[in-house]
Amino acid sequence: MSCFSSRLGASCGVRAFSCASACGPRPGRCCISAAPYRGISCYRGLSGGFGSRSVCGPFRSGSCGRSFGYRSGGVCGPSPPCITTVSVNESLLTPLNLEIDPNAQCVKHEEKEQIKCLNSKFAAFIDKVRFLEQQNKLLETKWQFYQNRKCCESNMEPLFEGYIEALRREAECVEADSGRLAAELNHVQESMEGYKKRYEEEVALRATSENEFVALKKDVDCAYLRKSDLEANAEALTQETDFLRQLYEEETRLLHSHISDTSVVVKMDNSRDLNMDCVVAEIKAQYDDIASRSRAEAESWYRTKCEEMKATVIRHGETLRRTREEINELNRMIQRLTAEIENAKCQNTKLEAAVTQSEQQGEAALTDARCKLAELEGALQKAKQDMACLLKEYQEVMNSKLGLDVEIITYRRLLEGEEQRLCEGVGSVNVCVSSSRGGVTCGGLTYGTTPGRQIASGPSVTGGSITVMAPDSCSPCQPRASSFTCGSSRSVRFA
């Protein structure tokens with residue numbers, strides 16, 4: 001019986017797989033050959049592999065030497081209808097140097113752990129897909145809600161525009177009233193200026209009248225002083241006249257006393273006789289007449305001036321009273337107009353403040369609405385981006401799931417093909433490994449290996465290649481051709 005061995009090396013630090021089988025036993029002999037193996041995986045960095053050993057014949061296989069991998073025994077082909085005597089060569093009982101890897105049990109345990117890890121990852125991917133589907137439904141619900149909400153929020157802008165237009169019309173009315181009040185204020189100010197000019201003229205006339213009154217008073221004082229001087233002069237003249245009269249009487253008495261003692265006969269002309277009494281009386285009469293006329297003239301002039309001054313004072317007092325009444329009336333009118341102007345200004349200020357506040361509130365509301373709209377648009381855009389990311393992740397998860405499904409199917413087909421070859425007999429197997437990017441086409445098996453290496457059948461075993469030798473008596477098994485695409489970058493083709 002011929003034995004074949006296979007070895008697959010990897011440069012990336014991963015283990016390869018090996019299989020050892022015996023096909024077509026010769027009568028009376030049993031041969032089991034095995035080679036150390038290393039597992040191979042479709043994922044980089046994932047160590048481990050699998051090994052199988054079966055015996056085609058009417059007996060079950062047994063272990064020789066150290067155990068390795070996992071054992072499987074089976075019968076290939078139909079069993080004979082009856083049990084025949086089996087003769088065993090005793091030389092086969094001697095221990096064989098099979099060069100079995102002592103770490104096969106650890107490798108098997110690692111393979112089981114890796115399969116468990118892959119199953120856990122697959123379950124995690126399925127849970128993630130379900131979670132992403134739920135998130136997708138939630139995002140679709142939010143999207144519909146935001147669309148309906150956008151339609152409802154679009155009615156706010158016309159409402160604010162109408163409110164702002166009403167406030168603008170009110171502001172225009174207030175501006176018109178302000179213009180009218182300003183015109184009235186200008187008219188009142190002009191009237192006030194006219195009254196002010198008249199008041200100033202009246203004040204000037206009053207000052208002129210007072211000056212005239214002072215001048216007339218000075219004239220009256222001068223006339224009174226002149227009258228006093230004249231009275232003093234008249235009194236002085238009267239005293240002087242009395243003194244002269246007394247002096248004349250005394251001289252006359254002395255003369256009479258001297259004459260009484262002498263008697264003289266003198267012839268005198270009576271026409272030359274000086275009558276002092278008449279002269280004095282005449283002079284006195286003249287002075288009295290002059291004084292009385294001066295007094296009468298001064299009194300009449302004083303009375304006339306006093307009457308004129310009284311009339312002027314009464315007239316100016318009446319004019320001043322009327323002017324004061326007009327000034328008081330103008331002051332009351334000015335105060336009333338000033339109060340009305342202040343009230344109008346306060347009302348205008350309040351209306352302007354209300355308009356400004358309304359505009360600010362409207363602008364704030366519009367800004368808030370725009371901000372909310374921008375936030376909603378940003379949230380919508382973010383939701384779209386999240387949905388796109390989730391869809392991308394979902395697609396990646398589905399691609400990973402497809403790759404895992406393909407890998408599982410490939411492992412299953414590989415195991416089934418291996419069992420079938422062990423049962424039916426193994427012929428020549430050509431294994432071709434090629435590297436590719438983006439897709440894998442295989443005839444029933446997919447592995448990962450180093451890029452740029454090819455594995456071909458032949459009699460030699462080199463690093464990074466597989467050499468499979470089978471006897472001519474075993475017909476080659478033809479695996480079913482299948483083709484699929486996954487995200488692996490390397491392929492193994494069996495032909």
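Note that Cβ sites are derived from N, Cα and C of the backbone, with glycine treated the same way.
According to Swiss-Prot:
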type	residues	note
REGION	1-111	region 'Head'
DOMAIN	111-422	domain 'IF rod'
REGION	112-146	region 'Coil 1A'
REGION	147-156	region 'Linker 1'
REGION	157-257	region 'Coil 1B'
REGION	258-274	region 'Linker 12'
REGION	275-418	region 'Coil 2'
REGION	419-494	region 'Tail'
Please work out the helix, strand and coil residue numbers for the region 'Coil 1A' (112-146) from the DSSP assignment.
35 helix, 0 strand, 0 coil
The region 'Coil 2' (275-418): DSSP-derived helix, strand, coil residue counts
143 helix, 0 strand, 1 coil
Give me the DSSP three-state residue breakdown of the region 'Coil 1B' (157-257), ordered helix, strand, coil.
101 helix, 0 strand, 0 coil
